[in-house]
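*Asks:* Can you read through this structure? Questions will come right after.
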Amino acid sequence: MRNSTRLILVMIFMVSMSSCEWEDNPVHRNNFVQISKSEINSLIDKSLQQNDQFTWSTLSDNELYSAIIAYDSVAVIGYQPLEISEINWNSIDVSSGEWSNSVKHIIDKVEDAHSRDGIKIPDEGLLSNAHDQLPFLKIKISSPAAVAALRKMGEVRFVEPYTYYYSEEEEDANSRIMSKLGCGNSPDSYLEPEDFVSASPSVKIPWNYYKSNIPQAWAKTTGKGVTIGMIDTGISPDQALLNSQFNSGNSSGRYIQKYGTYVSSWWWWANPDGPNDKCGHGTQMSGTIAGPRGTSGASVGVAYNANFVGVRGTGDVVIEGGNEKDGVTDALVLLGNRTDVRIISMSIGSPLSSGQVADGIRYAYARGKLIFCAAGTSTSLTTWYGVIFPANMNETVAVTGITDAGYKRCSNCHSGSKVDFTIVMQRDSDSDRTSLTLAQSGSAPSRVGGSSVATATTAGIAGLIWSTDLSQSRAEVLDKLKRSAELYPNRNGSFGWGTIDANKAITLQ
């Protein structure tokens, strides 16, 4: 899904960068003073504290350029022809003349800025790459003037770094701790008897399902005929219940499909790594959404008769690296283009917005998808900011987790005005006692918490509702979720409409 506009061989590009043809370090050109990453992070912190969100458009030209060159010096540029006042995401064709002309104008503008800064352009042109279905391109820049020039163009919607690791606290082996927070999926060595209910044929129903009346809803619907998509870290090939035993016990006549859009290698010719989960988070979410009601004693998913399409769009739960943004964006396009997929679950995100991922969200939304996103799961040191991206977008439904002691957010969950729904998923008396799901392999359940499992649970409930009448629209399903919620018709400033009642939702007209 990455169609090159001008793509030169990486080795040629690297040689050019190191040769005398490329002038002095642009950091010192035209009185430009590079802003440190710690200073940029302070600006981000301030925005999150004041506005509960951060967008790159709030930075000055110097600050933005500093962020771009902090890692790979690649800028992502969203574009739109001057003659188009509003993008029609349902019929957009970026290969048409007016769109391709905008790409050419942008590349010409960037090359002109480099020339004015005294930076020689390689004969092959600057390294650039335009997405083949969405209106953004990536381009390697070495000119401080390029950012200012781009931001003045009427055809440019946004300019931002391709890669920026805000979660990186130290540049050492222990960095990106937050990013690895969602990884790990080992079975729990001991389950309190109160934390599950055994049911036929041989499954464990997680305790928190009863807080949303999910087992009661199963008497009427189990998700048959609905296809739910997930964008996460993939699905474990060693978990038989998400492979050869997906149809087992009371789960039958459905399909599971797995894809990979994430490329871990930085080489431009590398292909996606495939669908296999190397983190564990995606397997946990898959088990919650659609794990079978089987015969091995494992935990059961919410919509255990739904079809399931899992896409490995990222390597971990935080969308920060450029390859992660590409993987998630391409996964949104993949699922958006599938007519069978009605629901997309995304238990991933970032404190920082991404224009290209936002374009992917709008593309999928324009094709009728109901998109659930995690409000945020992080350490106690970072839960002070509100709902993360992309859960804070108008096109998505934000979900967070609470304890069983009323509307008290879970120990690592985010809350805020952008939250739409809550799911009970943690014991107030013991933060380690969360929901249950499938481990990387075997039938012994693993623990899973945060807004991640709350989001996956809600996506499964939406599948139950849609299954009762496949002719329903996205708006009708969302309305039933809202009217079934505990706080409706009032909306709480931190917890939205509150906790969903699945059994009530499927009976609403």
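Placement of Cβ uses the backbone N, Cα and C atoms for every residue, glycine included.
All annotation found in TrEMBL is predicted automatically rather than curated by experts.
Annotation source TrEMBL lists signal peptide at 1-22. Look at TrEMBL and you will find 223-498 tagged as domain 'Peptidase S8/S53'. According to TrEMBL, the feature active site, charge relay system maps to Asp232, His281, Ser452.
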*Asks:* Ranking the active-site residues Asp232, His281, Ser452 by other Cβ atoms within 10 Å, which is at the bottom?
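*Replies:* Counting other Cβ atoms within 10 Å of each of the active-site residues Asp232, His281, Ser452, the minimum falls on His281.
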*Asks:* I'm trying to understand the geometry here, so how far is the Cα atom of His281 (active site, charge relay system) from the Cα atom of Asp232 (active site, charge relay system), in Å to the nearest whole number?
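*Replies:* Computed Cα spacing between His281 (active site, charge relay system) and Asp232 (active site, charge relay system) is 7 Å.
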*Asks:* Please report how many Å separate the Cα atom of Ser452 (active site, charge relay system) from that of Asp232 (active site, charge relay system), as a whole number.
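*Replies:* Distance (Cα to Cα, whole Å): 10 Å.
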*Asks:* Can you tell me the three-state DSSP label for His281 (active site, charge relay system)?
*Replies:* helix
